[in-house]
Amino acid sequence: MFMGEYHHNLDSKGRLIIPAKFRVEIGDKMIFTRGMEGCIFGYPIEEWQKIEAKLAKLPLTKRSARKFTRLFYSGAMESEFDKQGRVNLTMTLKEHAALIKECVIVGVSNRIEIWSAERWNDFSEEANENYDDIAEDLDDIEL
């Protein structure tokens, strides 16, 4: 399980360090793809395979299913960590998440999310203001 918030910068070659705590659970490589709300999703291989199985069941007759899978898979890449625990994300993913220098890596249960620091700050500020309302909307899970 991934949790926590970590701040790292892209290096001069555009590589990003993935926190050691996350790498222990991930292994030597993971899959990155376009995430929601302008971030990048990162999945361990086992989690990615579960998602692939679910997406394979979507009906090709549904336009939204076709659009989503095209975007989700076309933005995906497999990346191995180098000896320092860095990954080199594609330009497509960096542009999707507006990654320039300062990044925030967030653990979200079965995945990690990579955000530009600016987008993360905007998201967190807005979400924190509405935290109680968001929790109330999820009352059926009984936390």
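Glycine is no exception: its Cβ is also placed from the backbone N, Cα and C atoms.
Predicted, not measured: the structure shown is a model, and the values here were computed from it.
Taken from Swiss-Prot, the feature domain 'SpoVT-AbrB 1' applies to 5-47. Secondary structure of the domain 'SpoVT-AbrB 1' (5-47) per DSSP, as helix, strand and coil residue counts: 13 helix, 19 strand, 11 coil.
Per DSSP, the domain 'SpoVT-AbrB 2' (76-119) is made up of 9 helix, 21 strand, 14 coil. What Swiss-Prot lists as domain 'SpoVT-AbrB 2' is 76-119, and the listing cites sequence analysis.
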(message) Across the domain 'SpoVT-AbrB 1' (5-47), what does the mean pLDDT come to, as a whole number?
(response) 97
